[in-house]
Amino acid sequence: MNFGLSLIFLVLVLKGVLCEVKLVESGGGLVQPGGSLKLSCAASGFTFSSYTMSWVRQTPEKRLEWVAYISNGGGSTYYPDTVKGRFTISRDNAKNNLYLQMSSLKSEDTAMYYCAR
């Protein structure tokens, strides 16, 4: 009886490990005001094309701000007024990648940027 319960628990744990969601951001750096930067996010562990995705940022004051949203197929995007016209979110579902093109950067754009599912 105990062996059976242990086996079920082990299978569930292993299944969870195999399905670990990973989002790995890259492309950050130091840029002068007015400059541009493109961020990338490599996704794994889930069916990327089935999910809407977003970029969020944490300011030096530790405030969390939503930056951009894109629908699962990429046809719809939304931005707050603070970045509208300067930031562009896009995705490549074949490569499981999310992107954020940032231009006309301002000092208030200084933050840690994260992709989110």
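Each Cβ is built from the backbone N, Cα and C atoms, and glycine gets one as well.
If you look up Swiss-Prot, you'll see Cys41-Cys115 marked as disulfide bond. The secondary structure of Cys41 (disulfide bond), as reduced to three states from DSSP, is extended strand. Around Cys41 (disulfide bond), the same-chain residues six or more apart in sequence whose CB sits under 8 Å from its CB are Leu23, Val24, Glu25, Ser26, Met53, Trp55, Asn97, Leu98, Tyr99, Leu100, Cys115, listed in sequence order.
Same-chain residues lying 6 or more positions outside the region 'Framework-1' (20-49) and placing a CB less than 8 Å from one of its CB atoms are 55, 72-73, 91, 93, 96-107, 113-117. According to Swiss-Prot, the feature region 'Framework-1' maps to 20-49.
Annotation source Swiss-Prot lists region 'Complementarity-determining-1' at 50-54. Along the region 'Complementarity-determining-1' (50-54), the predicted structure has mean pLDDT 98.
Taken from Swiss-Prot, the feature region 'Framework-2' applies to 55-68. Per DSSP, the secondary structure of the region 'Framework-2' (55-68) breaks down as 0 helix, 9 strand, 5 coil.
Annotation comment: Swiss-Prot describes 69-85 as region 'Complementarity-determining-2'. For the region 'Complementarity-determining-2' (69-85), the residues of the chain that approach it from at least six positions outside its boundaries are 49-54, 91, 93, 98, 102, 108-109, judged by C-beta separation under 8 angstroms.
DSSP places the residues of the region 'Framework-3' (86-117) in helix, strand and coil in these numbers: 3 helix, 17 strand, 12 coil. The region 'Framework-3' feature in Swiss-Prot is assigned to 86-117.
Taken from Swiss-Prot, the feature signal peptide applies to 1-19.
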Starting from the Cβ of Cys115 (disulfide bond), draw a 10 Å sphere and report how many other Cβ atoms land inside it.
-> 24
